[in-house]
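Asker: First the structure, then my questions, so here it is.
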Amino acid sequence: MDRSRVLEQLIPELTRLLSLLDHEYLSDSTLEKKMAVASLLQSLQPLPAKEVSFLYVNTADLHSGPSFVESLFEEFDCDLGDLRDMSDDGERSKEASPEPIKSPSLRSTADVPPPLPNKPPPEDYYEEALPLGPGKSPEYISSHNGCSPAQSIVDGYYEDADSSYPTTRMNGESKSSYNDSDAMSSSYESYDEEEEEEKGRQPKHQWPSEEASMHLVRDCRICAFLLRKKRFGQWAKQLTVIKEEQLLCYKSSKDRQPHLRLPLDVCTVVYVPKDSRHKRHELRFSQGATEVLVLALQSREQAEEWLKVIREVSRPIGGAESLEVPRSPVILCKLDQDKRLSQEKQNSDSDSLGMNDSSSTLSRREACEHGKGKKNSLAELKDSMSRAAGRKITRIISFSKKKALSEDLQTFSSEDEAPCCGYLNVLVNHGWKERWCRLRCNTLYFHKDRTDLHTHVNAIALRGCEVAPGFGPRHPFAFRILRNRQEVAILEASCSEDMGRWLGLLLVEMGSKVTPEALHYDYVDVETLTSIVSAGRNSFLYAQSCQDQWPEPRIYDEVPYEKVQDEEPQRPTGAQVKRHASSCSEKSHRADPQVKVKRHASSANQYKYGKNRAEEDARRYLVEKERLEKEKETIRTELTALRQEKKELKEAIRNNPGAKLKALEEAVATLDAQCRAKEEQRIDLELKLVAVKERLQQSLAGGPALGLSVSSKSKSQETTNKPQSSVPEQSLPVNCVSEMRKRSPSIVTSNQGRVLQKAKEWEMKKT
């Protein structure tokens, strides 16, 4: 096919290809190539097809021969004398006799150009000639938009002009065609304008890597990598995009979610030009009186371009140009802003300081900028301060200057009361970091500080996990959280009691049936082991008792709820409560820990010791005390009857020493056994009664101060509706206080000794 015809078909095809590429998202290198081809096509289209012979088209296939431009100069040979004989009016001499061409065998290897390629190049292959600068060699940039055969030409290769260009003979003297200014001037004279156009068409925004996410800038109005101002005057380069009436900031072009999302329809934008005070062109975004974002731009033109886009975004859709009213507040001029700030500085509070970089006001920023002494000291502080120290100083200043909100105070108070949170050392990247840990809904949350509970660093779902104490002899109070025998987290407590407390809480939250006593402890001595196990058992029992009621702690014993009766037993009056309270022994300050008291379902609704809780406890203990006293009177009556019968049998044995003596003795032995059993029942009732009286006294001690009032009901309903206290001891769980009391057997011994002594004295009086 004729070469000119191919070029005629190639130009419109390239034009259509470029129009299709205008609607595609291209990388920077591809965009540069496209603009270069477009400029070449624009310069070629007005010319007729026969005048496009100066276009550089490299027909070499896989670098197997010279380019098309080189082949043009291969047979260009003339004598200098023929050039002198040319007339001034432009007539050329027709009798130019070129020097005969040397045979290939006589030519040197360096003078012989490589042969022309036999097969045409691929359709998507082209070569672009860039303009020559002073002291530079011609630069050829080749590109493949599609698939190419093996050993394809790599993008951006360079050809050495001195070695690759063919030689030109003038007057019998061999010269390189590259140095022939007359021959090359016609080919390079028009590239100065194209060079300026290429500089103007270069893309402004450079992506840092090829794998950068291009979908971030899809359908956006404008995008660029801008500097965003952080706290303490630090700057960070972020990808800034305006899309769908929002300004989005990404920390990296690979991010999927924006780091900051700012609606422009509710913001005020102020442009601060670069001057002696401001080292950069800045755009300041504010919401109300709070400055939320500061961006730095490279030039005034770039700032005006961004302001133009922001005005277009804030402009109402479909409004007339003369009647347009922006939805966002008007973009203020810097001079007007300075006047307004000078008035606001007098009323600004000097103690106000935000918790983060988006909470400082415009007036505070301008006031700080005017204070040169503060600015210099802050600049020195920035140079010597690390990021961690900066965050700590911010928290300290904010804590001392800013008033805490009421809900934050309530959160802190509840966190202090509950044992399900505290500081732990966490192993992160082979280093220990202190974190505020919190248990909630079977999940362990890690916070940077106890004041920052709204965001957490990490969270671990505890269901299905295991806990294993020990992490080497250097960390005796460390323990590990395992899931499927894989370490999920390594934590370290500050002391043995803290370690035991966390172990008990974690075991309950994990739903494990293992108790703290069953765990295997290494690297601790016997004393420390006892402390860990004791604290672990206490927290384990506590967490079991109030597993579903975080974070309110319980005070009294936790027992299973009884069935709520349809008819509540009558409660005694307030006068009866006072009478019974005064009759309680003041010497009994300690109760038997083995005595368990049933908790009615109605009293389980209150979790803190308030007015309702005191009233419910007083009623329950009073009813229990009266029931025990009634049962005690019944046993005492039965015991008196048995002793009377025993006394009569002994008198009968004394009076009748005959044949019935053996039967009478057996009857007396049977009565003795019955009396001993009744006496044991009476002693148990005495112990229970002492414990109930003590707890009644404790509830009444807190009740009157809270306005306690106890209603009364009849004793007949009390006897019919109140169940018997025949619940076995094993079915009633107790809290950690009762378990601690179990460790002092002297309490039980002293109570039993007094009761037995009183019972013996009472028996001696009766007999």
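Keep in mind that glycine also has a Cβ here, set from the backbone N, Cα and C atoms.
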Asker: Out of SER87, SER174, SER585, which residue gets the phosphoserine annotation in Swiss-Prot?
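Answerer: When Swiss-Prot is consulted, phosphoserine appears for SER87.
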Asker: From SER93, SER348, SER716, name the one Swiss-Prot lists as phosphoserine.
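Answerer: Of SER93, SER348, SER716, Swiss-Prot lists SER93 as: phosphoserine.
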Asker: Could you give the number of helix, strand and coil residues in the domain 'PH 2' (417-511) as assigned by DSSP?
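Answerer: Split into helix, strand and coil, the domain 'PH 2' (417-511) gives 15 helix, 44 strand, 36 coil.
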Asker: From the DSSP assignment alone, can you count helix, strand and coil residues within the domain 'PH 1' (219-315)?
Answerer: 21 helix, 46 strand, 30 coil
Asker: Looking only at the domain 'PH 1' (219-315), what is the model's average confidence as pLDDT?
Answerer: 87
